[in-house]
Each structure stands twice: as structure tokens, then as C-alpha cells.
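Below is one structure; the comments refer to it alone.
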Amino acid sequence: MGTFCSVIKFENLQELKRLCHWGPIIALGVIAMCSTMAMIDSVLWYWPLHTTGGSVNFIMLINWTVMILYNYFNAMFIGPGFVPLGWKPEDSQDSMYLQYCKVCQAYKAPRSHHCRKCNRCVMKMDHHCPWINNCCGYQNHASFTLFLLLAPLGCIHAAFIFVMTMYTQLYNRLSFGWNTVKIDMSAARRDPLPIIPFGLAAFAATLFALGLALGTTIAVGMLFFIQMKIILGNKTSIESWIEEKAKDRIQYYQLDEVFVFPYDMGSRWKNFKQIEQLKQKADKRIRSVRYRVIEDYSGACCPLNKGIKTFFTSPCTEEPRIRLQKGEFILATRGLRYWLYGDKILDDAFVEGVSRIRGWFPRNCVEKCPCDAERDQVPEGEKKNR
């Protein structure tokens, strides 16, 4: 009893609140629907107790479900790993290479970023994922990536079972003539009766589960491909945007420089092994690019008047959109091909500490300022020293 109480603590029970969100509810609902229907259809198609193949098929199906849920809950409840509140580098000289977070009242550790949703600085932050209702970072990046790999594989297996079940069940009931299709119900009335009757409701549920499985395979498979692409470069999603921004800056100013990502190990295999390692190396300051609004934007999630590509590539996130008016200024910190993410400056004064509104906005509504296009985010202590 003492061991049980030591494992289940009050802090662990508080983490269960993460399940009360639309992301985990939808994700776990899809997993439950596909797994349950796949097990039921396995009994109809390939009875596991009669043949070795049926037993292996059923055990593999259970194994997919267990591994998917294990990595999913690991990614959700272990969390990304947060920078301790009030953290400072051991060597005070290293603070000049680090940003200072006013919310956490601490310096940001190398490769860490502040998450507005979690309200904490996250170590090696990749992104805030609504499907796990948590950030993806240093501690749970490996579990999250494994979940993205196992979910499509399990859905492919389940989709195969759904197709074979519908084929075998309909084959026993339908006979095709030259001009008619006859339904033979003798299979449904056979003696003994099947353990699970395959009627119209079962057919509709199997067809619905097949659609979920195929949709999950495509959507999650694409996310896994994107994650592996940045992992093999030893990057995060945010660092990929920083690299793109740095190269764009070099091209914009026609500088004779070559951007070298500081954490690239030079080998994809070495980069892959870094997924659970945090290289202790100070970042250079991350710069924000200043833009001027050249076209009004209403703040709509999918604006029809900003182009077809902008409409269909709206970020799939619950983060807000910023309403823009021509002539305003905005700081972009990251973004996609047709969208940017940043802070709108509410004050005319372009100084540190002014009030801002943060969110997404279309890229074609803004243009880079010809001067003062970027600035350093300097910690308060360093500003005073200067």
C-alpha cells in the first residue's frame, strides 16, 4: 500500500487535468474507436484461437494499442522539461549569450523558449502540441516521435483488418448475377450463430473506423515525416524557423556570409542520437524581424480575401490570429510559408517592454522595414551594463 501511495501523488493526480481538453479527447477517441473495432473484426475475420496466424494477428493488434498509448501518455505526462524558475548560468559571463525571461524571472537555458500556453520556459522546445495538451521538448521528444511512428503503423494494420472483414462478410452474403445482386441471409442464420453478428450497424461502424484509420495514417504520417526531417538535422521546429530567418536575412542584405547551424553534428546518425541529449552550448541571441503592415487583416482564421494558398495553409493551432491595420508595426519571431507568428506593438515607441498582442497573421499583409529590420532581445541586466 505504501508503494502504491508513493507512486500516485497529488501532483500526479493534478496532471490528469490535461485529459480535459479537446486534443486528448479526440486523440484518445480515435485510438479507442480504431482499436476496439479492429479487435471485434479480428474475431469475425481471423478467429485467434483456431490458427497460429489468427493468434499472432490478435497479439500484434493488442501490442500496437499498448505501445501507442504508452508513448502517448509518456509524451503527455512526463512533459518537455522546464527551465527552473530563477535559473542563472554558473558562469556569469555566459549570461551575455542568453535571453532573459521576465515571466519566469530567469535566463533561458540554451535551446529553450518560453511557451505562452504552459507559461514556462521549455527546454529544447519543439512546439506546443494540442493533441497531447503539452509542450514537446527535451524530455518527451523521443516518446512523441515514437507515437507519431507507431500510430500510422497500427492504423495500417487495423485498416487491413477492416477491409478483410468487410470483404469476407459481404462475400458470404452477396452473389452477383448478370443484372441483379442477391443477398443471401443464410450465413446470418447459420447454426451455431456467430459470436459477433455482422449486421448493418457493424458494417457502418467498421466503415467509419476504416475512414478514421486511413485519415490518421495520412495526417500523423506526415507529422512523423516532418519531425524526422528536423531530427536528422538535430533541430527543433523553432530552430528550423530561426535558420530559415537567418538565411533570409543574409539574402535580403546580400551579405557575404554562410549560416552554419551550431548544433549540427555533421552526421544524420549522430544527430538522430541527440534526440534525448541536450548539448550544453550557448546560443547566439535570437533576433526578431520587424515588419510594417501594408494591408488590413480582420483576424479571421481562414481569410478568403488573402489568397487561396493563405486560406488553405492556415496554421492548425488554437493560438489566436492578430487583427492588423495598415501602418502598424509587428515583430515576427517564427512562421510558415504563408503565415507569420509574432507580437503586435501597441505603442508607437519601439522600445523594450511595451504592451503587445501575440498570434498569427498572413505573410502577404506585411513587409520588412527597410531599416531596423531586426533587433537583439537583450536581457535587462545587460542593458543596464551598457
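FYI, residue positions are counted from 1 along the chain as it appears here.
Cβ atoms are placed via backbone N, Cα and C, with glycine included.
Distant neighbours of the transmembrane segment (25-47): 19, 53-54, 57-58, 61-62, 64-65, 68-69, 72, 131-132, 151, 154-155, 157-158, 161-162, 164-165, 168-169, 194-196, 198, 202, 205-206, 208-209, 212-213, 216; these residues of the same chain sit at least 6 beyond its ends, with a Cβ under 8 Å from one of its Cβ atoms. According to TrEMBL, the transmembrane segment annotation covers 25-47 (among others).
If you look up TrEMBL, you'll see 53-73 (among others) marked as transmembrane segment. Beyond its flanks by at least six residues, the transmembrane segment (53-73) meets 27-28, 31, 35, 38-39, 42, 46-47, 132, 143-144, 146-147, 150-151, 153-154, 157-158, 161 of its own chain at Cβ-Cβ distances under 8 Å.
Residues annotated as transmembrane segment in TrEMBL: 146-167 (among others). Listed by sequence, the residues of this chain that lie at least six past the ends of the transmembrane segment (146-167) yet keep a Cβ under 8 A from its Cβ atoms are 31, 34-35, 37-38, 41-42, 44-46, 57, 60-61, 64-65, 67-68, 71-72, 75, 198, 203, 206-207, 209-210, 212-214, 216-217, 220-221, 223-224, 227.
Positions annotated as transmembrane segment by TrEMBL: 195-226 (among others). Under 8 Å from some Cβ of the transmembrane segment (195-226) lie the Cβ atoms of residues 30, 33-34, 37-38, 40-41, 43-44, 145, 148-149, 151-152, 155-156, 158-159, 162-163, 165-166, 169, 188, 237, all in the same chain and six or more residues away from its ends.
According to TrEMBL, the domain 'SH3' annotation covers 286-371.
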